[in-house]
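Let me begin by handing over the structure; questions about it come next.
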Amino acid sequence: MDDYRYRDNYEGYAPSDGYYRSNEQNQEEDAQSDVTEGHDEEDEIYEGEYQGIPHPDDVKSKQTKMAPSRADGLGGQADLMAERMEDEEELAHQYETIIDECGHGRFQWTLFFVLGLALMADGVEIFVVSFALPSAEKDMCLSSSKKGMLGLIVYLGMMAGAFILGGLADKLGRKKVLSMSLAINASFASLSSFVQGYGAFLFCRLISGIGIGGSLPIVFAYFSEFLSREKRGEHLSWLGIFWMTGGIYASAMAWSIIPHYGWGFSMGTNYHFHSWRVFVIVCALPATVSMVALKFMPESPRFLLEMGKHDEAWMILKQVHDTNMRAKGTPEKVFTVSHIKTPKQMDEFIEIQSSTGTWYQRWLVRFMTIFKQVWDNALYCVMGPYRMNTLILAVVWFTMALSYYGLTVWFPDMIRYFQDEEYKSKMKVFFGEHVHGATINFTMENQIHQHGKLVNDKFIKMYFKHVLFEDTFFDKCYFEDVTSTDTYFKNCTIESTTFYNTDLYKHKFINCRFINSTFLEQKEGCHMDFEEDNDFLIYLVSFLGSLSVLPGNIISALLMDRIGRLKMIGGSMLISAVCCFFLFFGNSESAMIGWQCLFCGTSIAAWNALDVITVELYPTNQRATAFGILNGLCKFGAILGNTIFASFVGITKVVPILLAAASLVGGGLIALRLPETREQVLM
């Protein structure tokens, strides 16, 4: 088996380590053994010397001789690191000059829309499951715990994808890993619309979340490396508009597709493709279109230069220059750059020979090598010279996510709560009624019947909705083709009564006494209650919430390079905290919608500034990795926020409001300890 070799990220191993040791030592030992032949006893021959075992004194002397060589190796390593840092600093300033020469024009705007679609796919993913659930729960007969897991699994997938794919983008390239990310999302999101079982649907949404989770870190790192210092803050903020567009797109598609139950088909009695599945496929379109368009875009030249690929990077920069100059009407302008500084390479992967081991072993070695490189890179972000910036950013990302995602879930839940309270206030109560020989074939809704007596009554082809029969006596009654939602019989006596083709299952009769009563041919299917109302208001709330961030996006884009990143983060988070206190006055649906729009509109500026400063604080070989770590932590904060805030709906508004406000104030003040990056070149 041929030997395979790879050089470590930081080349910290001396040549004398086990993987690089040669046979010279054995040859010396054999020679030493030969020399001792024929010596007399006065030579103090060491026992075992004839077996080639070196004397302890010889070992000590060898170690003494090797110590300087190890020190030289470490010194050379330090010199190499210092030289590389000088090269990177020189490259950063030279690259800034080159990007200025290339100009900002058609190429950047084309890339802007391609990457914007990828960011839009991330925004869509947040809403897909929540919009599809009211219809999907009926098809899959989902309990509350299963619905909660579906909402959770998307964030878990996005968290894992941000960690993994963000790290890979710093090793394999922005374009390659982003294409992989979008392909995973598009394929598994589409597949999830066809699968019938809950487990398969859950798995597909998990993998889809992993795919799209890597898009946001890569998109911002990728686009920033084509922007000059003067344009970076503004245009990265403009890019954030596409995340808002994703929410608008998902809301509009849900509004226009899901209520149309005829938009589907059935194959036999077991396979049903309903309108919510059409909605899931439509939501995969942004990722699909972005993936196809990305094929025509080049790799980041800044990344290629970091990898030592000078010629390829030069060709791409020339393409950027020529594209922009042609669009400006000056095609004769020549790209004057002939040579670009490339950093000293310290990380090299040597391809394994095809004759080395089996295909499985070769791929395993490749995987372990890449994994080690990504892991070391992540540790360098957390424990290296950037650890303090990473810690501060982690706190800011987490507090922002906890409050923002927590409140964006709390708003629609509170609106539902207000709807339920209003509905309950209109409930009709019938006490001691006596009905004899009646035929009832209309809908009974939102009623309570107590201590009544129904004799020889027929309930035919009717619908019970939120109806409670309590301490009621049924005698010689007949129920046929009856459907129900949230309907129960409590402490009732049911005598000589027949139930034919109904969904009044046994769990709907609580402490009831049956006398000579029969159940015939009960309805098949799910035995759970689901609301029949469409979620028009929830779609509208999400639509308005997404649309409300547009003014904040525009303002943050125009002011990002004027007032700086830190003032934008701190100011936006503090203003958002003040807006939280207005929620105490949100005692109706319309008021809650208005305060939601205000909160989303003020907080978006902090998100945009966070994206920009995260990109600018880290060098090229750690940029996507650090962004992925922080974005993964953001999704963890979103999970906690959703769980904590939802648990207080209908109980108290004080805890969610104070928690959100405190998180925003704390995060905004801590963010001021970060360095300002407005005048900084990309390292």
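Glycine residues also receive a Cβ, built from the backbone N, Cα and C atoms like all the rest.
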Are Leu133 and Val681 on the same side of the membrane in Swiss-Prot?
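The record shows them split across the membrane, with topological domain names that differ.
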Of the residues Tyr13, Tyr46, Tyr423, give the one that Swiss-Prot describes as phosphotyrosine.
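Record annotation (Swiss-Prot, phosphotyrosine): Tyr423.
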Run the contact check on the transmembrane segment (238-258) against the transmembrane segment (391-411): 3 or more C-beta pairs under 8 Å, excluding pairs closer than 6 in sequence.
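Answer no, regions not in contact.
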So if I draw a 10 Å sphere around the Cβ of Asn491 (N-linked glycosylation site), how many other Cβ atoms end up inside it?
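Counting Cβ neighbours of Asn491 (N-linked glycosylation site) within 10 Å gives 15.
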I'd like the per-state residue tally for the topological domain 'Cytoplasmic' (227-237) from DSSP, helix first, then strand, then coil.
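Tallied per class, the topological domain 'Cytoplasmic' (227-237) gives 9 helix, 0 strand, 2 coil.
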Counting distance between Cα atoms, which of the recorded positions Tyr423, Asn441, Asn491 is nearest Asn516 (N-linked glycosylation site)?
Asn491
Measuring Cα to Cα, tell me the gap between Asn441 (N-linked glycosylation site) and Tyr423 (phosphotyrosine) in whole angstrom.
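Approximately 23 Å lies between the Cα of Asn441 (N-linked glycosylation site) and that of Tyr423 (phosphotyrosine).
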When the pLDDT values for the topological domain 'Cytoplasmic' (614-626) are averaged, what is the result?
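Mean model confidence (pLDDT) across the topological domain 'Cytoplasmic' (614-626) is 89.
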Tally Cβ pairs under 8 Å between the transmembrane segment (278-298) and each listed stretch (111-131, 391-411, 566-586, 593-613, 627-649), then give the stretch with the top tally.
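By Cβ pairs under 8 Å, 111-131 leads among 111-131, 391-411, 566-586, 593-613, 627-649.
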